[in-house]
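Asker: Under the heading domain 'Response regulatory', TrEMBL lists 3-117. The 4-aspartylphosphate annotation in TrEMBL covers Asp54. Here TrEMBL flags 154-257 as domain 'HTH LytTR-type'.
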Amino acid sequence: MKKILVVDDELPALTNIQLALQAHRDWQLVASCHSTAQARALLQTEQVDLILLDIEMPMQSGLEFARELSAQPNPPLIVFITAYNKHAVAAFEVFALDYLLKPFEDERFAIMLERASLIIEKNQQVAQIAAMQDYFRDQDALNAGEKAPLLNHIVVRSMGHIERIGVHEIIWLSAAGNYVELHLRDRILLHRSTITFMEEHLPADLFARLHRNSIVRCDAMRSIGVDSEYGYFTALSNGDKVSISVRNFKRAKKLLG
C-alpha cells in the first residue's frame, strides 16, 4: 500500500482531501498536517510516497518546503493542491508531479493518484534493476580479480524522478555521513554513498581528495590560498572554497600547475 501525507492549514481542505481518498483503498493516509513544521517532524519517523501540499501557508510556504525536500535523499512525490493558479510555473520548477486547483473534481483527483502510482512503481523497478546490475557487475569484476569499474555518471533520485549526472558536471563532493553532497555549477544534490566509495570509483585523473571530507574536480580548481576560516583552501570555478589538508597542500599546488 502506498503512503500519502496531506499538508494544508485549512481544515475544510484537509477534510475534502480525506473524503476523496476514501475511494482509493490502495493509498494509506499517514497523517494530515496543518503546517510544514508538523510535516517535517512527522517525516523524521515516517516514510511516505506522496505529499499533497498547499502553497500559501503561514510561516513557510509549500513551495519553500518542496525545495527543502528536494535536497533530501529519495524525497516523496509532490502534488500541490491550491486555490491559486499563479504558482503553477514555480511548482513545476521544484519538480512537482501535478498541480490541482481547489475545488478539484473527483475524476481529476483520481487521475493524479494514478499518475503517482505509475511513477512510484516505475521508480521502484528502476531502482531494483539498477541495484542488481551494479551488484552483478561488481561481482564479475571482483571474481575476475579486477576493481569495480570507474564511474562516468551518477544516478541520483530527486523529487520523484531519477536523474543521471555525468561526473564532468560535478565541481566537488563533500561528506555528509552515509551520503555525499554533489556540488554542481548551480545546485547541490544529495546522493546515497560515502566519500571513500566515491574516491575509489571516480576517475583519479579527474578528481582528487584533498581533504578527508571532500573531493574536488581537478580542472575546476582556480587558485589556492590560506585564510583564518578555511586554513589552506582551493577556490573553485563555481565560487566555492574547499579546505585542503596540510599534507595535501603540495599535491594541490602540483595539480594547479
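Using the three backbone atoms N, Cα and C, a Cβ is placed for every residue, glycine included.
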Asker: Write out the long-range same-chain contacts of Asp54 (4-aspartylphosphate), meaning residues 6 or more apart in sequence whose Cβ is under 8 Å from its Cβ.
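Answerer: For Asp54 (4-aspartylphosphate), the qualifying residues are Val7, Asp8, Asp9, Glu10, Ala13, Gly62, Phe80, Ile81, Thr82.
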Asker: Would you mind giving the whole-number mean pLDDT across the domain 'HTH LytTR-type' (154-257)?
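Answerer: Mean pLDDT for the domain 'HTH LytTR-type' (154-257): 88.
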Asker: Could you find out if DSSP has the residue listed as '4-aspartylphosphate' as helix, strand or coil?
Answerer: coil
Asker: On the DSSP side of things, how many residues of the domain 'Response regulatory' (3-117) fall into helix, strand and coil, could you say?
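Answerer: Split into helix, strand and coil, the domain 'Response regulatory' (3-117) gives 46 helix, 26 strand, 43 coil.
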Asker: Tell me the residue counts in helix, strand and coil for the domain 'HTH LytTR-type' (154-257), as DSSP assigns them.
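Answerer: Counts, helix then strand then coil: 24 helix, 51 strand, 29 coil.
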